Amino acid sequence: TMKWSLGDNVMAKWPGSALYFPAVVQKIDEKDGYAEVLFSDGTTMDVDLKFLKAEATFKRRTRSKSPARSRRRSRSPSRKQTRSTTRESLDRKSRRINTSSSSSDEKKFVATVNLEPKKANEEIKVKTTKTKSKVEITKTIIPDSRYMVTRKQVKEMYMSKAANVETKLKEEESPSAPVVNETNEFEYGGVLGVFFMYLTLPLLPLTFLAYKKQAKLSMIPRRLQDYYDPMSTLIVLQFLLFHALIYALPFGYVIKGPATPNGKKLDYRISAMYSLVFTFAAYGALYYYKFPITSIKLLPLATAATLASYIGVILVHLKSRNTPNDELNPHGNSGSVIYDSFLGRELHPRIGSLFDLKLYLYRPGMAAWLVLVMIEMQKQYEADDKFSPQILLLGVSQILYIILEFFWDEEQCPFMFDIKNEGLGFVQFFGELVIVPFIYSLPVRYAVEHPTALQTTQIAGLCLLLVVGFGLIVLSGRQKSMFRKNPFDPKLSYLESLPPSRPGGDRLLVSGFWGMVRHPNYLGEIVVGFAWSAACGVTHLLPWFYPIFVVGLLCHRALRDDVRCRQKHGLAWKIYCQRVKYRVIPYIF
C-alpha cells in the first residue's frame, strides 16, 4: 500500500460510488485506515486509504497520429471493413443532445461510474464540445460497463437523495406513488402494541391524580362527574386557543429550520417568550382578582386534555390524506390507520406557512406544566403562610427548567429529534398535552400533599445535582447550536469534529460535551429528574415515577436516534460511535 503524506495530490474514490476525483490529503488516520481529503469542489470527506490512487494512473492515453500508423492501417482492407461496420453500428445507436452553456468558463471533466455490470454490458461515453453558443454532448454506446459523465452531472447525481439512477427515474415517472415503510420495521410493538397503548396510556395520569398516599382501592373516584365536568373542558379549550392566538400573531422573528426529506427548509416563527410573558400576566391577573385558581380539579382537567389529544389526532390524520408524498413520515405510513395515527403520518403539518402544529403543541404543554407548578406553590403558601425549603427548591427549579428548556431556547426546537424526524400523532399530542403537565409536575404536587423536612446538607447536595443537570442541558445545547451554525467558528477551535462521509451530510461534533456521551442533554435531564424525586424522600414510589419514565423515554429515543443517524451519516457515525461508546449514561448505556 502506498504511503501518503499531508498535501499529496491524489485521485480519491467518492464514497458510495465508483468515481475517482482529484483531491488533496488533509489528514491521515493509519489506525482506522482512513484519510480526510478535500475534493476539487470543496467537499471534505473520509476515504479509505485503499481507495487513494496516484494521479499518474489516471492519465489518459493518446493515440499516435503518425502518418506511418495511418498508412499501416489503411493497407488492411479486411480491418478497414470491420472498423467501418462497427462504426456504422455505433452510429445507429448514437444520439446527440444540444444544451445551452450555463457558463462560458465551464471546464471539461470526465469520470467513470459502474452502472449494473451484471445487467448491462455497455459503455456510454460523454464527450463535451464547447462552442460560443452551446455545449454539445455526444453519447456513444459501445460494449462495456462504465458510464462517462461530466462534473456537473456527477454533482447533481450524488447530491440528490436517490441512491441510483433507475430509482430516481421511477420516482420521476410516478410522482404520485405513496411513500411506504420500506423497512417493515414497526415500533412500539406494531399495530397490536399501539392499539394497547391507545387504550391504556390515558389511565396512567388519571390513576396518579386519583391516588392518595394512604388511599384504598375503594376510595378511588368512580363517579363520572369526578373525571369530567364542562368547566374543565372549557378551561382546556380556552388555554389551547390562548396560545394559538399568541403563536399566530407576528411577534418574534423567523428562522430557517433543518432540511426536510424533500430538501426544503421550512420557516419557523420564534416567539415563545411572548407566550411566557402573557402566561405570567394572565396568572397574575387571576391572582389579583382573587379567582379561585387553586380550586381547579386536576382529574377532570386531565380527562379534558386527553379528549383533546384524541380529537387532535383524528383531525391531523384526516389532514394528512391531502399531503404530498414527499412530506409524509416514512415510518408512519404503513397503511394501518391505528399505527400511522399513533406515530403521525405527516412530518410537518401546518396551517398556512408559519403555524407549525408540532412547534405550537410545545407552548400549551410547557405552559400548562408551569401553571400547575405555580398552583401547587400557591396552595402550600396559603396553607402555611410561607414557602417551605422543599417547595422552594422544587418549584423554583422546575420553573427555571421550563423556561431554559423551551421558552428561552425555542430557536433550537426545530432541530430536536421529535420535531425534525417524527410525525405528528398521538405520541406528541398525548405527550405534550397530558404527560408533560400532569406527570412532570408530580414531584411538586406530592411534596405539597406529603411535605418532608430537608436538612441543610440535603438541600446543598440537591442543589449541586440540579446545577450539574442544568449545566449539561444548557451548555451542551449551546455548544451544539454554535457548531451547527458555523462548524469553523474560531470560538470552537478547541473542539474536534468529523467531516461528512456522505454527500450533503453535516460535520459531527466528537469532543466537548458530545465527546462524553452521544446525548449529554439527555443525561442532564435524567440528573435533574433524579434530584426532584430525591427531594421528596424515599418513603413512597409515586414521586419516583418521573425519573423512571424519563429514563425509559430518553433511552428509547436514543436508540431510535442512532438508527436515523446511521442512515444519514454512514461511516462518520460509525467512527463517532467507536469513539464515544455510551449513548446516554456513562459506563451503563
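A Cβ is built for glycine as well, from the same backbone N, Cα and C atoms used for every other residue.
Those TrEMBL annotations? Automatic predictions, nothing curated.
For reference, TrEMBL has these:
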| type | residues | note |
| --- | --- | --- |
| DOMAIN | 2-46 | domain 'Lamin-B receptor of TUDOR' |
| REGION | 60-109 | region 'Disordered' |
| COMPBIAS | 60-82 | compositional bias 'Basic residues' |
| TRANSMEM | 188-211 | transmembrane segment |
| TRANSMEM | 231-250 | transmembrane segment |
| TRANSMEM | 270-289 | transmembrane segment |
| TRANSMEM | 298-318 | transmembrane segment |
| TRANSMEM | 387-408 | transmembrane segment |
| TRANSMEM | 428-447 | transmembrane segment |
| TRANSMEM | 459-477 | transmembrane segment |
| TRANSMEM | 530-554 | transmembrane segment |
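Listed as Cβ neighbours of the transmembrane segment (231-250) (distance under 8 Å, sequence separation of 6 or more from its ends, same chain) are residues 269, 271, 274-275, 278, 282, 296-297, 300-301, 303-305, 307-308, 355, 360, 363-364, 367-368. Put simply, of 188-211, 270-289, 459-477, the stretch with the most CB pairs closer than 8 A to the transmembrane segment (387-408) is 459-477.
Among residues of the same chain six or more beyond the transmembrane segment (188-211), those with a C-beta under 8 A of the stretch's C-beta atoms are 220-221, 226-227, 298-299, 302-303, 306, 336, 338-339, 342-343, 426, 430, 434-435, 438-439, 442, 542, 545. Spatially, the transmembrane segment (428-447) is not adjacent to the transmembrane segment (270-289); fewer than three Cβ-Cβ distances between them are under 8 Å for residues at least 6 apart in sequence. Looking just at the domain 'Lamin-B receptor of TUDOR' (2-46), the mean pLDDT is 81.
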